[in-house]
Structures are given as C-alpha cells and as structure tokens.
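The next block holds one structure in the form of structure tokens; read it before the comments.
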Amino acid sequence: MAVSQVHFLLIPFLMSIMGAAQYLMQDAALLSYIDQRFLSLEKRLEKCNQDVLEYVEEFRDFSNTVLSRLAGLNTDKAEVKSEVENLLTRIDHAQRDIDYFGSVTDSNACVEVHEDLVKQQLLEEAEEKKRLKLMLNASCDHVLAGIKSLKVVKKTGGKYGSWMKDPGKKHMKIYLLSGSVNNEILEFANIMTFMENSHTLKARRVPLPLPWEGTGHVIYQGFLFYHRYGSLNEIIKFNILRRSVADQMLLPGAGRIPAYQLSPHTKIDLAVDEQGLWALHAEPEIGGNIVITKINHVTMAVEHSWDTPCSSKDAEAAFMACNTLHVVYNSPSGGTSHIQCVYDVLDALNSYINPGLHFPKRQGSHSTIHYNPKEKQLFAWGDGSQIIYKLHTEKKV
C-alpha cells in the first residue's frame with residue numbers, strides 16, 4: 001500500500017520536471033535564432049558601411065578627374081582664343097590690302113561715289129533742318145541773357161510741387177499741383193486769389209482719375225499733361241474742363257532714370273515754350289545726358305528728338321524757351337542755382353556750356369522751373385515757395 005502511494009506521488013513530479021526541460025529547450029532555440037539574426041544584421045551593416053566608403057572614394061576620384069579636365073579646358077580655351085585673335089588680325093590685314101588694291105584700280109569711281117554720298121547727306125540734312133524750321137515756325141529771334149529779379153508770391157505746400165498759368169489761354173487762372181505724387185489740381189481765379197491766406201477755400205478742386213508722378217507737368221490749351229504715376233513713360237493728356245482723360249502716349253526711351261540727378265522724383269519733365277509742348281528726360285545710353293523731344297500736343301505724337309550735351313548730373317531742373325533748352329544746376333546741399341548748359345535745337349553751334357546765368361538773391365533748390373512764353377517769366381517752386389523770375393532777353397546775333 002505504501003509503495004503504491006509513493007508511485008502515485010512520483011508520477012506528477014517527474015512530469016513537471018519533463019515540462020520544465022521542454023521549456024528550457026524552447027528558450028534556448030529562441031535565443032539561438034535571435035543571435036543568428038543579430039549576426040546577419042551586423043554583417044549587412046558592415047557591408048553597407050564598406051559600400052559607402054567605396055562610394056565616397058569613387059566620388060572623390062571622379063571630382064579630381066573633372067577638376068583636372070576643366071583646368072585643361074581653360075588652357076585650351078586660352079590657346080584657341082589666342083589663335084582666333086591672330087586669325088582675325090591676319091584677316092584684317094588682308095582686308096586692308098584688298099581695299100588698297102581696289103582703291104588703286106578704281107580710284108576715280110570711288111571718289112565719285114564718295115562725293116555723291118556726301119552730297120546726298122548734305123541734301124538730307126538741309127531738308128531736315130528746313131522741315132524742323134517750318135515745324136517750329138522759326139519765329140524766335142531772342143536769347144536769354146540774364147535773370148533780372150525774383151518775387152516770392154507765396155509759401156504753401158511741401159518741398160515738391162509746381163504751379164503755373166496756361167499760356168495757351170487768355171484767362172488769368174493759377175493752377176497749383178502739390179507734391180510729387182497726387183491726383184488733385186487746385187484752380188484759382190487769378191493770382192490775387194491765390195495769394196490770399198485762405199486760398200484753399202477759394203480754389204476749385206479738380207480730381208484726376210489717374211495720379212501724377214514727379215513735378216514735371218504742364219498745363220497748355222486747357223489740358224494738363226503729366227507723367228502717370230506707376231508707369232515707366234506714359235504721358236496723360238487730361239481735359240481740365242470736362243474732367244476726363246483726352247489722350248495718352250508712351251515716350252520712347254524715357255522713365256528709366258531721373259531727368260535731373262538732384263530731383264530724383266521727376267523722370268519726365270514736360271515743358272511749354274513759343275513752339276508748344278516738349279518733353280525732357282535723361283537716357284543712360286548717352287551717359288545720362290538730357291534728351292529733348294518735341295510733341296504734337298493735339299495728336300500726342302513725337303515730332304522729333306535731340307540728344308544734347310547737357311548732363312543730368314547735379315542738375316535740379318530745366319526749361320525750354322524759344323526752341324532752346326536751359327539746364328539749371330546746383331550743389332547737392334542746395335546753393336545758388338545757375339544755368340550751366342544751353343542747347344538750341346535749330347542751331348547746335350549756338351549751344352554752349354556755362355553761360356554764367358545765375359538766379360539772384362536766393363540760396364536753396366528748385367523742384368521745378370517752368371517758362372511761360374506769354375509773360376516771358378519763369379514760374380518756379382523752391383523749398384515750398386512759389387516764385388516768379390523775370391527774364392532779360394536779347395536779340396539773336
């Protein structure tokens with residue numbers, strides 16, 4: 001009986017030992033599998049690292065090869081350039097020899113052709129000058145000899161602005177355009193009304209559908225001509241009475257640089273004289289010198305242009321009077337204004353530098369100067385003041 005009880009107790013014990021052994025064998029197999037996987041991953045990582053090192057070395061060798069070949073190309077380029085220059089020199093010498101032999105064998109014919117070309121050019125120049133004189137009416141027989149006096153009419157507005165009369169109308173109205181960017185004209189019945197302290201209350205306000213830029217606008221024959229704000233070179237013709245845009249045009253070559261270095265807000269300066277409407281601007285292709293353009297104020301078409309020797313450097317303003325450009329210069333700090341360059345579009349030989357014309361009794365600068373051909377006076381805006389300069393003229397010699 002005791003033996004059977006012991007046997008009964010040993011059976012579960014032995015079964016538990018066998019189960020534990022089985023679990024140990026499974027754990028050992030799992031650990032072995034994990035170890036194998038880690039070894040495989042380590043080998044792959046090592047191979048990847050080796051490949052990266054090989055790629056880096058290969059790229060370094062390739063980079064050195066490319067740099068070496070580029071250096072060789074630079075050398076070859078210099079040699080080819082030298083050979084091409086030598087070849088061009090030889091071709092030039094050969095061309096000179098050919099021209100010489102040609103001139104020797106047919107010198108008389110060449111002389112005749114040359115003379116014909118000269119005659120044709122002279123004829124064309126004479127015709128063009130005749131056409132320009134007819135277009136400009138050639139009625140101006142006087143030149144500016146000096147600036148006699150000034151009168152400060154009023155001080156209103158900021159540093160930049162312009163004021164004027166309409167020389168093409170019989171009325172005595174005064175127009176005020178304040179600022180370098182704005183869209184409103186103030187119109188006064190006459191200069192006495194303008195000079196009153198409460199002048200803004202008595203002014204007729206004329207709004208513009210398109211704002212202006214700079215201070216180079218003019219009023220002529222009932223129209224305001226101005227450079228449209230935000231455009232490169234668009235000029236607007238505005239009917240003041242009807243309050244509407246009548247026409248517009250693009251001025252070739254204008255608007256890229258200021259017309260005057262000391263007035264950077266004005267890219268296109270419009271002017272009126274005895275012959276009508278003009279436009280003044282500077283072009284970088286001719287060293288920043290001023291270009292004159294005659295505009296037909298009715299059709300808004302360009303009639304002719306002139307490149308002048310007058311520089312825009314240190315210039316603050318300019319005006320046209322009797323077919324002649326007068327450029328006003330100053331110092332950047334604002335000194336005495338003086339006319340230093342004069343250019344007559346009908347007589348370039350009568351144009352000159354530094355005529356010695358100074359503006360009297362005033363230190364400062366001008367944002368605009370406009371000539372009134374009807375009254376033979378200058379209407380200027382200087383540091384917020386509205387100024388009239390009386391002129392002294394002489395007969396052309």
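Cβ coordinates come from backbone N, Cα and C, glycine included.
Of the cysteines listed (Cys48, Cys110, Cys140), TrEMBL assigns Cys140 as the disulfide partner of Cys322. Per TrEMBL, the stretch carrying the note coiled coil among 42-69, 70-97, 98-125, 182-209 is 70-97. Long-range C-beta contacts of Cys140 (disulfide bond), restricted to its own chain and to partners at least six residues apart, with a cutoff below 8 Å, comprise Glu274, Gln275, Cys322, Asn323, Thr324, Lys396.
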